[in-house]
Amino acid sequence: MKAGHLLWALLLMHSLCSLPTDGAIRNYYLGIQDIQWNYAPKGRNVITNQTLNNDTVASSFLKSGKNRIGGTYKKTVYKEYSDGTYTNEIAKPAWLGFLGPLLKAEMGDVILIHLKNFASRPYTIHPHGVFYEKDSEGSLYPDGSSGYLKADDSVPPGGSHVYNWSIPEGHAPTEADPACLTWIYHSHVDAPRDIATGLIGPLITCKRGTLDGNSPPQRKDVDHNFFLLFSVIDENLSWHLDDNIATYCSDPASVDKEDGPFQDSNRMHAINGFVFGNLPELSMCAQKHVAWHLFGMGNEIDVHTAFFHGQTLSIRGHRTDVAHIFPATFVTAEMVPQKSGTWLISCVVNSHLKSGMQAFYKVDSCSMDPPVEQLTGKVRQYFIQAHEIQWDYGPIGHDGRTGKSLREPGSGPDKYFQKSSSRIGGTYWKVRYEAFQDETFQERLHQEEETHLGILGPVIRAEVGDTIQVVFYNRASQPFSIQPHGVFYEKSSEGTVYNDGTSYPKVAKSFEKVTYYWTVPPHAGPTAEDPACLTWMYFSAADPTRDTNSGLVGPLLVCKAGALGEDGKQKGVDKEFFLLFTIFDENESWYNNANQAAGMLDSRLLSEDVEGFEDSNRMHAINGFLFSNLPRLDICKGDTVAWHLLGLGTENDVHGVMFEGNTLQLQGMRKSAAMLFPHTFVTAIMQPDNPGIFEIYCQAGSHREAGMQAIYNVSQCSSHQDSPRQHYQASRVYYIMAEEIEWDYCPDRSWELEWYNTSEKDSYGHVFLSNKDGLLGSKYKKAVFREYTDGTFRIPQPRSGPEEHLGILGPLIRGEVGDILTVVFKNKASRPYSIHAHGVLESSTGWPQAAEPGEVLTYQWNIPERSGPGPSDSACVSWIYYSAVDPIKDMYSGLVGPLVICRNGILEPNGGRNDMDREFALLFLIFDENQSWYLKENIATYGPQETSHVNLQDATFLESNKMHAINGKLYANLRGLTVYQGERVAWYMLAMGQDTDIHTVHFHAESFLYQNGHSYRADVVDLFPGTFEVVEMVASNPGAWLMHCHVTDHVHAGMETIFTVLSHEEHFSTMTTITKEIGKAVILQNIGEGNVKMLGMNIPVKNVEILSSALIAICVVLLLIALALGGVVWYQHRQRKLRRNRRSILDDSFKLLSLKQ
């Protein structure tokens, strides 16, 4: 056998016996360095071209002083070097700012990070979106590992570590994903503080073949690639705060680090670490492909809507010109810019826009001819006037739902509607867009179906191929404009003023007219994945914050060609409604002074209660109406109703728009609520099957209490034929009792204290968990739902195994489409409670009947088609149930549970899913014990002996009772999240609460699939009040891994836990035990990730061990064969050598003989 044949055999054995990456090994040499960072290196507001001396807002952040740091801070960042000597730094694009270098890899690649820490404290590097083992996680927390497995958790000053990450198929982009997915990496010793200090950078993982062979590799599928971090960078959390005070404040001793204005001055509203347009120019060519990789990081205020002026984007196949971004949210957007010019990118959340979160991008023609717009449609003319009016937020004078007067003393509404010498009441001067017949502006255009619009301007409608001509007449006392979303326009028709090098009259002064021309070319219209019509908005942008709070906003509808009838209405839709959810802040209105003067207010009383006065002027409105004063929205049972929902405002404007009584379809997914943020828009379709009078409200509890409610009425109309009756199957019965218990949010503090390596008093959790100094600690009396075996309510269902993780939640109620769910409810608590479910068809109209203490009630929930998964959903959808006597106080008292509805044939007789191996339901909620029914009892039981010493309005006391919990547990005290390697897991992710309940939930070490018509890869779930998501995972990585909310305050407050993946060996030994005990094999059916790709073939999970065993056996055989062949070759080689030696000896002998002769 030749040596080449032996080499071939050894290579074949290697390829069979090992499962290495078949891609590239990409080495990155990163150093952690301290730097001085200037947030505004140009020294001015570039957006307005004003100096800091002329810009009071910019100077409040950027000018240093006696007790102000200014715009320059010491930071710590990642830098890239050419090799392990760390002497030659690799330059990066200037627009990356203080972000670390871009890391790139394809499916099958290995990334080796050679990290060296040149800074003064320990740091790490932790990635999202890639595969790693325990020695390369880069995250410090108690996980049971030790020794070399902990070396990655904290790299000390002067130390180094090599991190090994890979991109297997289970972490790579799916078929439906874009070619490259957006991820990040960051330090994770104390992640919130490390990131605030500057240690964060971008990472992309791409489909195979996307990157070229250059060094560094470049993408072959796009022409330009940009990475933008939108974040309110809180320098108060930086490890260098003391250094920055000492260096940049002229009188460091005068600084009070707890002073509110000082802290505000250190919160930099930045894009890549630049504010007020100081981001170096982002340049690109028109008609070229651009990939925008957008991500966020930060705290509860980090609700960002990135608005790209002048162009449109595609995100997951949907048309938009905005991207909503939250902490640890990653967005990949695609653009082909058409309009050349200098354009604005800004976060249009009002407070962020004012504070400088803006930048420019420049589109050059690059010698390309301008594209010819395919405009074959109509020219649609609109004549719109800005008109000043007196607006009444409560014109009917009472709550439209309860009938109570809005001015009744002590009621909720009287805060906003009681007029006095220190309150304006419910009527304000505002300005509104109004439609007219023609350019003479003499005759108003009235349409009966638009009476519900309220403060909104008229609906502007257009189809793909149309041109929109808007003649705007400003009859108001301030300069105003019209700025649209969702259409194309030249610079002369933009409506926003900024330093773009042009001088067009974009804004109409008082009693001036301006004409705007907007177009809808095919590339701006709805995509194939979009509904027939997309909801957009137009608004005045002379001063976007003050203009919109003054009232200037209206809806815009862009439809596919042929979607509108001759009357301009959408075909195939019986009714359409446009609803704006926003907190109108009258303190920010142009007419604030006029309103105070008209109210004849007492300036002395105002000065005594500034905060209360300003709060009374924040009107939580739907189309400018509070407390169900919006004219009733009437529809018929069986109608196809289009709800066009719009958001506007500031970071508090996080609205979960809930439709009681019926469900919605959003992009083919079944929902009971739609999420809105400032400058985001939703098109939702409803086909109501439940007659009655129902509420529309914001799910955020404080917004609902403040009046963000309306009423819609579903009637059985004679003109509509009844749809075929739903056939319901046999009932599933649940026996549930409300009982009062002592609940401990954190019974074991060892994990928390080990993680932060500190004493109880110095821990982040001290304020929540200590019962000293007038605080209550971690124990509270609560009411919970618990399941029993039958109607005697004597034997509780045990909470072990699959139910252990539920914690404070009630039982997981399951059903299929066509089921009747019967809930027998006994109230063993001391006050009335009920059970109300989202998504289902309840037998009673309105809110369910309450059970008095000791009473037993039976609730019946029917599960029609519209309660189950939509065409774009997973096999099951998640809902929630809770007590609804007082929905807010009941839920905070503990009465909440999960509900799952599946397609037919998914559930086994025992209730489990046949397409999943594990199911977990997790509620991420800040339990506000200040709003619990049991607060007084808890103070008496767990508070100080002298309860009079407790100040219920004290800020520390209020904060201490807000428990940032996962299923009611803090700091990894939740148990039962255990899966086995290779198992398929469904995670039902739930959120309720207030506008601060923004939760971005990150799974370490694992990725999951999110279904939205297609499968998309992610490792973070975005949750908001009233949202319920389902994500699916195949557990692949054995270990104890962290799961946590990525919002800064929530991390420190304990919203984190551990989920454990056990290895194959443990899995199959457990499966054998279960098989012997139950005599039943677990059914493993194929779902998206249920196959593992080995040797180029898709292998079902259940066959992985068999194939692995076979491969090992083959490897052993091949190894023996190779050794035998090697022995043969070695023997043959030795024999040949011996023969050569014999010949040599014989030859030498013959030579000697010849010499002798």
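Using N, Cα and C of the backbone, Cβ positions are placed for all residues, glycine too.
The feature Na(+) 1 binding site is assigned by Swiss-Prot to G70, Y73, S265. In this structure, G70 (Na(+) 1 binding site) belongs to neither helix nor strand by DSSP; it is coil. Counting every protein chain shown, 20 other Cβ atoms lie within 10 Å of the Cβ of G70 (Na(+) 1 binding site).
In sequence order, E137, S139, W1041, L1042, M1043 make up the list of same-chain residues 6 or more apart from H1004 (O2 binding site) whose Cβ falls under 8 Å from its Cβ. DSSP classifies H1004 (O2 binding site) as coil under the three-state reduction. Residues or ranges marked as O2 binding site in Swiss-Prot: H126, H186, H1002, H1004, H1046.
The Cu(2+) 1 binding site feature in Swiss-Prot is assigned to H126, H1002.
Long-range neighbours of H186 (O2 binding site) (same chain, six or more residues apart, CB within less than 8 Å of its CB): I125, H126, D194, I195, L199, I200, G201, M297. The Cu(2+) 2 binding site annotation in Swiss-Prot covers H128, H186, H1046.
The feature Ca(2+) binding site is assigned by Swiss-Prot to K134, D152, D153, with similarity to another entry given as support. Taking Cβ-Cβ distances under 8 Å and a sequence gap of 6 or more within the same chain, the neighbours of K134 (Ca(2+) binding site) are D143, S145, L149, D152, G1039.
Positions annotated as Cu(2+) 3 binding site by Swiss-Prot: H188, H1004, H1044. Here H188 (Cu(2+) 3 binding site) comes close to T124, H126, G138, S139, L140, D194: these same-chain residues lie at least six apart in sequence, with C-beta atoms under 8 angstroms from its C-beta.
The Cu(2+) 4 binding site feature in Swiss-Prot is assigned to H304, C347, H352; the stated evidence is similarity to another entry. Over all protein chains present, the Cβ of C347 (Cu(2+) 4 binding site) has 31 other Cβ atoms lying within 10 Å.
The Na(+) 2 binding site annotation in Swiss-Prot covers Y416, G425, Y428, S616, and the record cites similarity to another entry as its basis. Using a 10 Å Cβ-Cβ cutoff, Y416 (Na(+) 2 binding site) registers 25 neighbours.
The annotation Cu(2+) 5 binding site is assigned in Swiss-Prot to H655, C698, H703, M708. With a cut-off of 8 Å between CB atoms and residues at least 6 apart in sequence, the same chain places F581, H620, A621, I622, L626, H655, Y697, C698 near M708 (Cu(2+) 5 binding site), listed in sequence order.
Other Cβ atoms within 10 Å of the Cβ of G777 (Na(+) 3 binding site) number 17 in total over all chains. Taken from Swiss-Prot, the feature Na(+) 3 binding site applies to F768, G777.
Residues near C1045 (Cu(2+) 6 binding site) in space but far in sequence (CB under 8 A, at least 6 apart, same chain), listed by position: F924, H964, H999, T1000, V1001, H1002, V1051, M1055, E1056. Taken from Swiss-Prot, the feature Cu(2+) 6 binding site applies to H999, C1045, H1050, M1055, supported by similarity to another entry.
The annotation domain 'Plastocyanin-like 2' is assigned in Swiss-Prot to 218-366.
The domain 'Plastocyanin-like 5' annotation in Swiss-Prot covers 730-902 and is backed by similarity to another entry.
If you look up Swiss-Prot, you'll see N49 (among others) marked as N-linked glycosylation site, on the strength of sequence analysis. Listed in sequence order, the residues of the same chain lying 6 or more apart from N49 (N-linked glycosylation site) and placing their CB within less than 8 Å of its CB are N499.
Classification of N54 (N-linked glycosylation site) by DSSP places it within a helix. The annotation N-linked glycosylation site is assigned in Swiss-Prot to N54 (among others) on the grounds of sequence analysis.
Per Swiss-Prot, N-linked glycosylation site is recorded for N164 (among others), and the stated evidence type is sequence analysis. Classification of N164 (N-linked glycosylation site) by DSSP places it within a strand.
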* Asked: Quick one: which residues besides Y416, G425, Y428, S616 have a Cβ within 8 Å of the Na(+) 2 site's Cβ centroid, in sequence order?
  -> Y393, F417, K419, R423, I424, G426, T427, E586, N617, M619
* To do: For S616 (Na(+) 2 binding site), list the number of other Cβ atoms lying within 10 Å of its Cβ atom.
  => 22
* Around N587 (N-linked glycosylation site), how many other CB atoms lie within 10 A of its CB? -> 16
* To do: Among the binding-site residues H655, H1044, point out the residue whose Cβ has the most other Cβ atoms within 10 Å, with all shown protein chains included in the count.
  => H655
* To do: Name the one residue among G425, N713, F768, H1044 whose Cα is closest in three-dimensional space to that of H128 (Cu(2+) 2 binding site); these are the recorded positions.
  => H1044
* Integer Cα-Cα distance in angstrom, H1050 (Cu(2+) 6 binding site) to H1044 (Cu(2+) 3 binding site) -> 9
* For Cu(2+) 5, what surrounds H655, C698, H703, M708 with a Cβ no more than 8 Å from their Cβ centroid? -> F581, H620, G656, V657, Y697, Q699, A700, R704, A706
* Inside 10 Å of the Cβ of D152 (Ca(2+) binding site), count up the other Cβ atoms and send me the figure. => 27
* Could you state the whole-number distance in Å separating the C-alpha atoms of S616 (Na(+) 2 binding site) and H352 (Cu(2+) 4 binding site)? => 23
* Count the residues of the domain 'Plastocyanin-like 2' (218-366) that DSSP assigns to helix (H, G, I), to strand (E, B) and to coil, and report the three numbers in that order. => 25 helix, 65 strand, 59 coil
* Say you check the Cα of N713 (N-linked glycosylation site) against those of the binding-site residues S265, H352, Y428, H703, H1046; which is nearest? -> H703
* Indicate the candidate from H304, H1002 with the smallest number of other Cβ atoms within 10 Å of its Cβ, considering only these binding-site residues. => H1002
